[in-house]
Structures are given as structure tokens and as C-alpha cells.
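S.K.: According to TrEMBL, the feature active site, proton acceptor maps to H134. Per TrEMBL, Zn(2+) binding site is recorded for C142, C145, C167, C172. What TrEMBL lists as compositional bias 'Basic residues' is 455-471. The annotation domain 'Deacetylase sirtuin-type' is assigned in TrEMBL to 27-267. Taken from TrEMBL, the feature region 'Disordered' applies to 437-471.
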Amino acid sequence: MSLGYAEKLSYIEDVGNVGMTEHFDPSHVLLEKIEQLAIMIKKSKHLVVFTGAGISTSCGIPDFRGPKGIWTLQREGKALPEASLPFHRAVPSLTHMALVELEKAGILKFVISQNVDGLHLRSGIPREKLSELHGNSFMETCPSCGTEYFRDFEVETIGLKETSRRCSDAKCGTRLKDTVLDWEDALPPKEMNPAEKHCKQADIVLCLGTSLQITPACNLPLKALRGGGQVVIVNLQKTPKDKNASLVIHGFSDKVIAGVMEHLNMQIPPFIRIDLFQIIVVHALSNDEKYVNWTLQVASTHAQKAALPFIKSVEVSFLDQEGFKPAILDKQPFRLKRRTAYTKAFEMVLNLNFGDGCGCSSLEVDVPIDFTSSTDGFNFDKDVIFQKLRDKAIVQSKCGQNAVIERRTILTPRSEITTYAVVTNVVHYSKAVPDSLTNGDHKKRKDSLTGTSSSRKRSKVSKGKSISKKV
């Protein structure tokens, strides 16, 4: 994890009591408490979960007060841990995905998070059932119309400051702002009000991986007590709210939640990540109408100048080698300029090389070009396409599945823009809990994640209609 990320998160908890001692319940006690929690959840009518940094440590994101926490290491003068993956490629933990399943089953009513890593949204918790009290490092919002933009890259600012992008609504266009709070920022009512409402309604507030020391957020779970609800705390350190809890479990969140899911006889769904990119071809006819000057760009769908964080290079080749030179685009923006005869149709082959943290090494895309013919635009239902891709990825237990979800044309400058969706991660989780529990990170299996797997095969996008000269 980078120092920049540590600085971004440093406002989340006060710097007192860093390096708190970790406690572990004996195995037999832990098993009994897991069963007790499962019974409580099964009987619950309004379960609310309150999460902190501890549920993301198994994702490679350090906490603050643990032995390897950010503030603990800083206080000891030690270097911060090196990131095993880029922050934007962090994969949800078993706990994140178990919460998704509990929400889909109607058991979990609301999630309140102090984290800014965006993993609850990434995992599949509906936005309307989530309060992110301190913001989201991957979220921008429009201060005028309220539209939110969940990015695949880390937003460059904190403190509710303006970013370099604008609202995409043609009637708005207001400069966007980041959503991550700074020290002086109050908790936003948009997040705080529903969190308080659901805590008051809750019969159980389950606190996972939080030291419960940051005010006013730490007092939210206690609001359940006034209505006869109960508070359950799962954390490795003691918290100031332990005395108010009906049940306190000292253990790793992943192990505890895996055991709960086992008792409830519920499966933990795999995590399927789908990323988007655009292939843009801009072209103009020469004055003598014999040639076409064209530009190919592999671009982000998020903003015109946004980087593509999951693609590290693009190899361009041509099926008809005569008169065409291949190219390697290894710097963003990935852009290639060429000039060809107007009447010459050809086919490009793009090999997109993915970066660290993606479950497949590359994707091959065919781009047929014919400037003399027209291209029909379309816009498929993105949710339907995404679900089909997820289903295929689960069945095939690998990533690389892809589909075209939109094609549109622009008159000035003449351009064809095709949007693709591709599965870049497939992660399966094991909920098996042995009779003798050991304290360590709960394992998850990432299919073809290491970059050296022989099972990685290039996936080929089906050929679409040709790029046109005019509408």
C-alpha cells in the first residue's frame, strides 16, 4: 500500500491508542460464539452491519491499530508495507461477499462503512443500502444534480474538492467533487441520516473489524439499544463499546463470517469484476478523397482524459500485412495515427495487455475497418450483458469473457465509438471452517491471477460491423 493511500486514510481514526494488543478467543470458545451469532442472525428481522478497516486487511489493505497497521508502523519508525496489488485492483474479502449474499437473501437490511476503499460497492451491495460515512476513494459526485460516478481509478483529491472532470449530463456539466472527507469535514447528512435511521430500527447491529473509537460514527451502533436491539462486536482488539455489546468475538472477520455462513447453510458468491473500455476510431477524408487520415484510441469510458488503470499496453497488428506496420502502444493515452487509401478495407487486431491484479494477462479484439460503409449504432441493456458475462465466468471458472455493449457515431469529428465489457477477475471463496480454528487470513482462490498460469488464453471478441466513413 502506498504512502499516498496511507495519507489519504489518515483522517479516518484519531491517532491515540495505536498498536492496540490483539486478542484471540480460544478455538472452542470461538466456535461457540460463531454458532451463537448465527442463531442471532437467523432470528433477526432488521440486521445492520457496521464495518471498519479490519474487514479489508485480507484484501491487502492495512488497518490502523493492528501490529502491522499504518499508525503502528509509523509510530515505530518502520516502513509501510509494500502493496501486493494496486489499490484500484483490491479484491473484496470473504466478508464483503458474504454480506452481499445476506443482503440478497433479505437478511441484511443496511451496511454502514467507515472505509473509503469502495469494496462494498465493488462487491455488489446496492448503493441505496449503503452509507459510506467517510466517503469513497473511487467516487465522484456532482454538487448540482447529485449524480454519483463510481470510477475504476482512484480519484486524485480528498476533502470534497473539485476534480478535473465534469458531470456528463448535458443539462448540467458542473465540475465534480471527490467524496472523501478531510479532518475538518462533518459527516455528510446524505450518509449519516440513513445510517442513524437503520441503527434505530435494528434488532442487531453487527460491528466488524472496527475499533469503535471514531466519533460520532462509533456511537451509531448504540442507537439500536434504545429500541431493544443488540450490538455484536467482532474485532481483534478490545473496543470502548465492548461493555454495551451482547456478544464480543475476538477473531478474524473472515473466519467468523465464514463460520456463520456455514451454520446458516448459505453459499458465499464468487466475486466477478467487469471492467469497461472504449475503442474509438476518428477519421477524416483527404481533400482529394483518395485517402483517409484516421486515429485509433483505446480509452476509458469514465472521462475523455481519464487513464485506463487496468491496461498497461496495446499491441496493434493487421491481418493483411501488406502496407501496414504493427505498433506497440505502451504509454497512455493509447493512440495510433495512420493514413490509408479510402477504398481499402482492412482488419486490425488489438492485443490488450492487462496490468497487475487482473486475472487474465490479455484480451484480443478484432476491429474491422471499412470507411466506405455505414455502421449501425446500438445500446444493449448493460445489466443483462453483465449478468451473462458473470454467469459464463462462474461456469468456466476463469476470466476474459467479453461483449460489446454499445456502439455510437459522432458527426464532428467523424468517429465511431464502441464500448466493451470484459471480465478481469474471478475469485472463489471457501467457507469451510475446521474444528480447530487457526488465526490467519482466510484463504480465497483467485483464478488465473498470478500472471504465470498456463490456463490463460486469449479471448476473442466476435467481429462487429465495419467502421464507417459517414453516418
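Here the Cβ of each residue, glycine as well, is placed from N, Cα and C on the backbone.
Any TrEMBL annotation is an automated prediction that lacks curation.
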S.K.: Give me the count of other Cβ atoms within 10 A of the Cβ belonging to H134 (active site, proton acceptor).
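M.R.: There are 24 of them.
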S.K.: When you average the Cβ positions of C142, C145, C167, C172 for the Zn(2+) site, which other residues in that chain have a Cβ within 8 Å of that mean position?
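M.R.: For the Zn(2+) site, the extra neighbours are P143, S144, G146, T147, R166, S168, D169, G173, T174, L176.
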S.K.: To the nearest Å, how far is the Cα of C172 (Zn(2+) binding site) from the Cα of H134 (active site, proton acceptor)?
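M.R.: Rounded to a whole number, the Cα-Cα distance is 26 Å.
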S.K.: Mind giving me a neighbour count for C142 (Zn(2+) binding site)? Other Cβ atoms within 10 Å of its Cβ, every protein chain shown.
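M.R.: Taking every protein chain into account, the count is 20.
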S.K.: Which one of these binding-site residues has the most other Cβ atoms within 10 Å of its own Cβ: C145, C167, C172?
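M.R.: Of the binding-site residues C145, C167, C172, the most buried by Cβ count within 10 Å is C167.
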S.K.: How many Å separate the Cα atoms of C142 (Zn(2+) binding site) and the residue listed as 'active site, proton acceptor'?
M.R.: 17
